[in-house]
Amino acid sequence: MASSSSNRQFSHRNANTFLTYPKCPENPEIACQMIWELVVRWIPKYILCAREAHKDGSLHLHALLQTEKPVRISDSRFFDINGFHPNIQSAKSVNRVRDYILKEPLAVFERGTFIPRKSPFLGKSDSEVKEKKPSKDEIMRDIISHATSKEEYLSMIQKELPFDWSTKLQYFEYSANKLFPEIQEEFTNPHPPSSPDLLCNESINDWLQPNIFQVSPEAYMLLQPTCYTLEDAISDLQWMDSVSSHQMKDQESRASTSSAQQEPENLLGPEA
């Protein structure tokens with residue numbers, strides 16, 4: 001099977017964008033400048049890029065992008081840089097995303113002024129105001145609109161809804177197969193058309209002889225009670241093969257030229 005894909009329309013619309021470039025050794029400063037230039041039409045205000053290391057030593061890149069106008073794209077490859085493709089998500093909580101990016105960076109680059117989430121009303125402290133959590137419907141809607149493959153879809157669900165993922169994985173796998181169906185491999189005929197032999201009779205005969213027409217000596221001994229030894233069975237089979245081959249050749253050599261077919265003999269009925 002080919003890798004899963006889908007004809008679904010990718011969609012991203014948000015002023016706060018969280019990008020993750022797996023296995024990307026790109027310099028954060030260079031990546032920031034490239035991403036900044038991609039979103040000029042939406043008036044970029046802030047970008048943060050940080051390079052981190054996986055446990056296996058490979059490098060990956062995180063980026064938080066904030067724009068004055070919501071970024072609207074339908075091309076999942078829009079944020080590709082130098083051949084590296086990112087996972088694109090809406091940053092629902094820019095404060096948490098920024099803290100996550102800055103947890104253990106190897107290198108960091110920032111440009112612009114960070115725009116934190118809105119301040120609490122009526123003089124309440126930030127700790128007194130609980131940030132509204134998105135509903136499961138909102139989370140799944142965002143995942144469906146951003147996922148570009150079956151693997152990415154399941155990975156995003158595992159990250160955002162770990163309990164549901166662990167208890168309802170079979171349902172998520174079913175929806176993943178529907179959203180990203182496997183591409184059926186095109187059938188390749190092992191016997192390509194040729195001229196003048198179009199049916200490849202040799203291959204058919206090679207299969208017919210041992211599977212259909214051939215009787216083993218052991219099977220013959222079971223059917224013939226008077227055959228007591230394997231040698232007798234082989235001798236009988238060789239004789240029958242020789243006789244039947246000659247009969248077939250004789251029939252082929254005596255081809256009929258008459259259109260009249262032999263009628264079955266009418267049998268006499270019972271006496272009245």
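Cβ atoms here come from the backbone N, Cα and C positions, even for glycine.
Worth saying up front: this structure is predicted, and the values here are computed from it rather than measured.
Features reported for this protein in Swiss-Prot:
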BINDING   E52, H60, H62, E104  divalent metal cation binding site
COMPBIAS  254-264  compositional bias 'Polar residues'
DOMAIN    11-114  domain 'CRESS-DNA virus Rep endonuclease'
REGION    175-187  region 'Oligomerization'
REGION    198-202  region 'Binding to RBR1'
REGION    221-230  region 'Transactivation'
REGION    245-272  region 'Disordered'
MOTIF     18-21  motif 'RCR-1'
MOTIF     100-103  motif 'RCR-3'
Could you count the residues of the region 'Oligomerization' (175-187) that DSSP puts in helix, in strand and in coil? 5 helix, 0 strand, 8 coil
Near H62 (divalent metal cation binding site), which residues of its chain come within a Cβ-Cβ distance under 8 Å, counting only those 6 or more away in sequence? F18, L19, T20, Y21, C49, A50, E52, Y100, I101
Could you give the number of helix, strand and coil residues in the motif 'RCR-3' (100-103) as assigned by DSSP? 2 helix, 0 strand, 2 coil
Number of Cβ atoms other than its own within 10 Å, given for H60 (divalent metal cation binding site): 18
Using an 8 Å cut-off from the Cβ centroid of E52, H60, H62, E104, can you name the remaining same-chain residues around the divalent metal cation site, in sequence order? A50, R51, A53, L59, L61, I101, K103, P105, L106
Please indicate, using numbers and ranges, the residues of the same chain that are 6 or more beyond the motif 'RCR-3' (100-103) and have a C-beta under 8 Å from a C-beta there. 48, 50, 62-64
For E104 (divalent metal cation binding site), which residues of its chain lie six or more apart in sequence with Cβ-Cβ distance below 8 Å? E52
Which residue counts does DSSP give the motif 'RCR-1' (18-21) for helix, strand and coil? 0 helix, 4 strand, 0 coil
Within the predicted model, mean pLDDT of the domain 'CRESS-DNA virus Rep endonuclease' (11-114): 91
